[in-house]
There are 2 protein chains.
Amino acid sequence: MRYLLASRNAKKLAELRRLAEGRFEVVGLDDLPPYEEAPETGLTFADNALLKAREGVRFTGIPTIADDSGIAVDALNGMPGVFSARWSGRHGDDEANNRLLLAQVGDVPDEHLGAAFVCAVALVRPDGSEEVVHGEMRGRLIRTPRGDGGFGYDPLFVPEGETRTSAELSPAEKDAISHRGKAFRALIQKLG
Amino acid sequence: MRYLLASRNAKKLAELRRLAEGRFEVVGLDDLPPYEEAPETGLTFADNALLKAREGVRFTGIPTIADDSGIAVDALNGMPGVFSARWSGRHGDDEANNRLLLAQVGDVPDEHLGAAFVCAVALVRPDGSEEVVHGEMRGRLIRTPRGDGGFGYDPLFVPEGETRTSAELSPAEKDAISHRGKAFRALIQKLG
């Protein structure tokens, strides 16, 4: 069985491939002829994941998995949330996004730096059937980035029970506890 | 009777002076010897207003009024909220804050651009008594700034029942409907 992961993020694709190994094949958007991708206009992770997965099926006919994820900071009422990747206004500019988030919480006392990474994963099949699963990883923000692994806000986030940031975990350690790992596993389990 | 408005914002001071005219005198922080102001670490408008008003009384002995206000955008779960003045990371840089907010809602459909200006005003007296009142002005964001009046996010905000932005209203028109005008009037009424 072959699924499309509607993403151009090589690290996300590698993450799903590791989890799906021996079960199914995963191709990414860069493995297929390009189609015009609509902007992510949803206001929830699930909305955006479904939007991208439906689009993938429509253009490719391949059952499509899509995720939307981000960091929900308690002191910011759960924001950046669905805006995580474009928080600074420049989509995918991790450094600018991290810098902005740190500046915004600059005066927030340490005890209010709780946060969670949240992920919604949608699967849409050519027959129109749809599934959505969620995963969450609780933790807290730190004020100085640490680590070279991961992407996005990983260098600013220490998961509960850890002293290292998400960016200091090995890929396998991260898969085991991450929001996306949890959501991907929940989906794979549903697929049997 | 003389009150301190714990603010260095000349436009805010003028706004309160217009409303208080003939009732009481208002001095601003720039009219007094400087004291060291603590950062606004509260996570609600009321917290920050109280924090600033208590500090004013402590350092000056004058009954102190302080406000905290900001814009609460529906699609951002009520943010920028208490972070409105430092949303871009640079405190008081209206242009950078406006630009960032517009970029963040760039892909948000027009029908989800509802927002409100919210204001909390605190009064703390030397005898330790405290009052907090709130005011709100509902409206919606537009995508291109308009108008030279007001400050902060006024050029991006069209109040309910208006076609002009807050920055296109005259000071008197704005006082009549604004979050801060409502909160200031509620406080003045309490003062008898």
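Using N, Cα and C of the backbone, Cβ positions are placed for all residues, glycine too.
For B:Ser7, B:Arg8, B:Asn9, B:Ala10, B:Lys11, B:Lys12, B:Ser69, B:Phe151, B:Gly152, B:Tyr153, B:Asp154, B:Lys174, B:His179, B:Arg180, the entry in TrEMBL reads substrate binding site. The feature Mg(2+) binding site is assigned by TrEMBL to B:Asp68. Marked as active site, proton acceptor by TrEMBL: B:Asp68.
The structure, with features from TrEMBL marked on it.
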{"residue": "B:Ser7", "record": "substrate binding site", "contacts (Cβ under 8 Å, 6+ apart)": "B:Leu13, B:Gly28, B:Leu29, B:Ala66, B:Asp67"}
{"residue": "B:Asn9", "record": "substrate binding site", "contacts (Cβ under 8 Å, 6+ apart)": "B:Phe151"}
{"residue": "B:Lys11", "record": "substrate binding site", "contacts (Cβ under 8 Å, 6+ apart)": "B:Gly150, B:Phe151"}
{"residue": "B:Asp68", "record": "Mg(2+) binding site", "contacts (Cβ under 8 Å, 6+ apart)": "B:Glu40, B:Gly42, B:Phe45, B:Ala46, B:Asp47, B:Asn48, B:Ala49, B:Lys52, B:Val82, B:Cys119, B:Ala120"}
{"residue": "B:Ser69", "record": "substrate binding site", "contacts (Cβ under 8 Å, 6+ apart)": "B:Phe45, B:Ser84, B:Phe117, B:Val118, B:Cys119, B:Ala120, B:His179, B:Arg180, B:Ala183"}
{"residue": "B:Gly152", "record": "substrate binding site", "contacts (Cβ under 8 Å, 6+ apart)": "B:Gly70, B:Ile71, B:Ser84, B:Ala85, B:Asp94, B:Asn97"}
{"residue": "B:Asp154", "record": "substrate binding site", "contacts (Cβ under 8 Å, 6+ apart)": "B:Gly147, B:Thr165, B:Ser166, B:Ala167, B:Lys174"}
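Of all Cβ atoms in the shown protein chains, 26 besides its own fall within 10 Å of the Cβ of B:His179 (substrate binding site). Secondary structure at B:Ser7 (substrate binding site), taken from DSSP and collapsed to helix, strand or coil, is coil.
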